[in-house]
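Asker: I'd like to ask some things about the structure below.
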Amino acid sequence: MYGIEYTTFLIYLISIILFNYILKSITRMMDYIIYKFLLIVTIASIVVNAQNYGINLPITGSMDASYVNATKDKPFLTSTLCLYYPTEARTEINDNEWTSTLSQLFLTKGWPTGSVYFKEYDDIATFSVDPQLYCDYNIVLMRYNSSLELDMSELANLILNEWLCNPMDITLYYYQQTDEANKWIAMGQSCTIKVCPLNTQTLGIGCQTTNARTFEEVATAEKLVITDVVDGVNHKLDVTTATCTIRNCKKLGPRENVAVIQVGGADILNITSDPTTAPQTERMMRINWKKWWQVFYTIVDYVNQIVQAMSKMSGSLNSAAFYYRV
């Protein structure tokens, strides 16, 4: 009887040892499989971390810095308003207390002291290189200049819309624009853009891909360039990258917390790139006054109506994201 019990005990003991051995073997095998899988994934991610030649990747970057949305029933009492104006306005007014005067006038329209910020920029070209719109509501004043009409139109197109952008490696790859919302946006001290359209055999159409001097020049020494080419056609690009950054961008829609007020000019600038239509936006306005005091008085008078045409947003335009965000 004792022999049977010892035998049963030994069988149980051997079963436990065998089960433990099998379990450890399975564990080691699973560890090996998992580690090998992770190694393969790591190597593959390194290898495919670049765009294949001529293939278009989804545009995922952003020019927006996110902030908490604090929309209230009475936005004028809880929001901030930024007023962007050219240096010539301050020079003409020539009064050290002029912003304080305007702040008191904005107070009569329901905007508390400290909620309105006055932001100065040198000129349209300089503002185009580094546009940063941080307030809940942003009003940009542009003095109309017939020689700068196209620059003003491009700047308005940039700041009145939201864009998603990806970097472009023009030294290795060619690119194509997929639709009307897809544009190439370049910013910098001096941007000269040349393009060479390609056929299905990746040969240049009217140009030589190995000779940038044969490319078509679409922009010369500009600070902001929004380039539009034929959709669905691959292009080789040549850009002055030492003084310019170019991105592949997709227009998402209107940036509704920004309004542009054109000072002077017969008509409001048309910012559309579609030649078949001439759409106007409520947030593109015009004031006809010669003196800047008159301009600012009008802004104060109509500030609440202007803001009503806008919407408070949770994102603010930050051009630093254009340069550094992937």
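One-based numbering along the chain as shown.
Placed from the backbone N, Cα and C atoms, the Cβ positions cover glycine too.
The annotation signal peptide is assigned in Swiss-Prot to 1-50 on the grounds of sequence analysis. Marked as N-linked glycosylation site by Swiss-Prot: ASN69, ASN145, ASN270. As annotated by Swiss-Prot, disulfide bond applies to CYS82-CYS135, CYS165-CYS249, CYS191-CYS244, CYS196-CYS207. The Ca(2+) 2 binding site feature in Swiss-Prot is assigned to GLN177, ASP228, VAL229, ASP231, ASP301.
Mind running through what each feature is packed against?
Answerer: The 10 Å shell around the Cβ of CYS135 (disulfide bond) contains 20 further Cβ atoms across the protein chains shown.
Following the DSSP three-state reduction, the secondary structure of ASN145 (N-linked glycosylation site) is coil.
Of all the Cβ atoms in the protein chains shown, 23 others lie within 10 Å of the Cβ of CYS165 (disulfide bond).
Sequence-distant neighbours of VAL229 (Ca(2+) 2 binding site) (same chain, 6+ apart, CB under 8 A from its CB) are GLN176, GLN177, TRP184, VAL195, PRO197, VAL218, HIS235.
Shown in sequence order, ALA219, ALA221, GLU222, LYS223, LEU224, VAL225, VAL239, THR240, THR243, CYS244, ILE246 are the residues of the chain, 6+ apart in sequence, with a C-beta less than 8 angstroms from the C-beta of CYS191 (disulfide bond).
The Cβ neighbour count for CYS207 (disulfide bond), using a 10 Å radius and every protein chain shown, is 20.
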Asker: When you put ASN145 (N-linked glycosylation site) at the centre and draw a 10 Å sphere around its Cα, which of the binding-site residues ASP228, ASP231, ASP301 have their Cα inside it?
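Answerer: The binding-site residues close to ASN145 (N-linked glycosylation site) (Cα within 10 Å) - there are none.
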Asker: Rank the recorded positions ASN145, GLN177 by how many other Cβ atoms lie within 10 Å of each Cβ and give me the one with the fewest.
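Answerer: Among the recorded positions ASN145, GLN177, the sparsest Cβ neighbourhood within 10 Å belongs to ASN145.
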Asker: In sequence order, which residues at least six apart in the same chain have a CB under 8 Å from the CB of CYS196 (disulfide bond)?
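Answerer: Expected: GLY204, ILE205, CYS207, GLN208, THR209, ALA212, THR214, PHE215, GLU216, HIS235, LYS236, LEU237, ASP238.
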Asker: Any idea what DSSP makes of ASP301 (Ca(2+) 2 binding site), helix, strand or coil?
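Answerer: In three-state terms, ASP301 (Ca(2+) 2 binding site) counts as helix.
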Asker: For a quick check of understanding: among the disulfide-bonded residues CYS82, CYS244, CYS249, which residue's Cβ has the most other Cβ atoms within 10 Å?
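Answerer: That would be CYS249, with the highest Cβ count within 10 Å.
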Asker: Quick one: of the binding-site residues ASP228, ASP231, ASP301, which has its CA closest to the CA of CYS135 (disulfide bond)?
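Answerer: Comparing Cα positions, the closest of these binding-site residues turns out to be ASP301.
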Asker: Looking only at Cβ atoms, how many others are within 10 Å of the one on ASP301 (Ca(2+) 2 binding site)?
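Answerer: Excluding its own Cβ, the number within 10 Å is 13.
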